[in-house]
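Trainee: Sharing the features that TrEMBL gives for it:
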- 20-46: transmembrane segment (TRANSMEM)
- 39-290: domain 'G-protein coupled receptors family 1 profile' (DOMAIN)
- 58-80: transmembrane segment (TRANSMEM)
- 100-122: transmembrane segment (TRANSMEM)
- 142-166: transmembrane segment (TRANSMEM)
- 200-228: transmembrane segment (TRANSMEM)
- 240-263: transmembrane segment (TRANSMEM)
- 269-292: transmembrane segment (TRANSMEM)
Amino acid sequence: NSSELSPSSFILASIPGLEAAHFWMSILLCSIYILEVTGNCAVMFIVKMEPSLHAPMYFFLCMLAAIDLALSTSTVPRILSFYWFNTREISFGACLVQMFLIHTLSAIESTVLLAMAVDRYVAICHPLRHAAILTNSMTAKIGLVAMPRGVLFFLPLPLLLLPLPFCSSRMLSHSFCLHQDVMKLACANTTPSVVYGLTAILLVMGLDAILICLSYILILKAVLCLALWKERVRVFSTCVAHICVVLAFYVPLIGLSVVHRFVKDLAPLVHIITGNVYILVPAVLNPIIYGVRTRQIQRKIL
């Protein structure tokens with residue numbers, strides 16, 4: 001009696017005790033969203049207009065900017081409508097679509113970050129072969145492969161939740177829909193969903209993280225073989241921006257996974273903060289990091 005085959009909607013979480021401050025929070029969130037959209041659009045426009053940036057690393061950066069725009073646009077407008085109009089309910093279908101977009105776009109972004117790490121490895125360890133290996137057509141193929149990889153691995157997540165009965169509680173832990181969050185509201189055995197979700201994350205984000213670490217181990221080995229200390233610093237400094245972007249993506253992802261899978265009975269505020277950091281921080285930081293580290297982008301912005 002306490003369950004139904006498919007709920008008509010879920011209820012998004014709000015920050016406890018700050019319901020009266022939703023208007024001011026929405027201004028902050030809207031400002032961050034505008035900054036993120038402006039920064040990522042500026043990066044894509046500058047790379048398009050600046051011939052010296054027509055290189056694999058910056059094409060990958062444009063892909064990263066487009067993914068960040070899609071990821072934040074799939075969540076932030078819905079959160080803003082929640083803050084502005086107090087529309088806390090999200091339909092079951094819309095929740096599954098949002099969940100699919102969040103996880104799929106995150107997987108695509110992870111693949112692009114791996115491709116950028118490979119680009120840095122080839123540029124530093126095999127500089128004479130860089131232009132021959134990472135051509136523009138190869139860069140485009142990598143981008144095309146990243147999309148079906150994310151879709152194929154994470155499309156089953158919402159499909160596994162469709163037949164499950166859900167309990168009377170429809171309250172989510174975040175202001176948007178995540179697989180782990182929706183799954184815990186089901187009143188049936190969720191073992192297949194849990195196993196597949198963990199397997200997909202390990203095979204995509206986990207494998208990508210391992211390969212990125214391996215590429216930087218090889219890069220460090222090549223850098224340490226250089227005779228001059230200044231030359232070591234100069235060569236490795238070309239990787240600093242990418243390392244910062246990787247940390248900005250994987251640290252919130254790991255934090256969110258730990259909160260849901262390994263830590264119980266946390267305050268609702270922790271869930272909301274970790275979720276918002278995961279959605280907003282990488283998208284805002286990526287154009288800032290590359291804007292600071294790339295002189296051509298700085299000049300074009302000025």
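Cβ from N, Cα, C; glycine included.
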Trainee: As a test: from 20-46, 58-80, 240-263, pick the stretch that has the greatest number of Cβ pairs under 8 Å with the transmembrane segment (269-292).
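Mentor: Comparing 20-46, 58-80, 240-263 against the transmembrane segment (269-292), the winner is 240-263.
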Trainee: Given a Cβ distance threshold of under 8 angstroms, which distant residues of the chain, six or more beyond its ends, lie next to the transmembrane segment (20-46)?
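Mentor: Same-chain contacts beyond the ends: 14, 53, 61-62, 65-66, 68-69, 72, 76, 79-80, 83-84, 86, 280, 283-284, 286-288, 290-291, 296-297, 300-301.
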Trainee: Express the predicted model's confidence over the domain 'G-protein coupled receptors family 1 profile' (39-290) as a mean pLDDT, rounded to an integer.
Mentor: 89
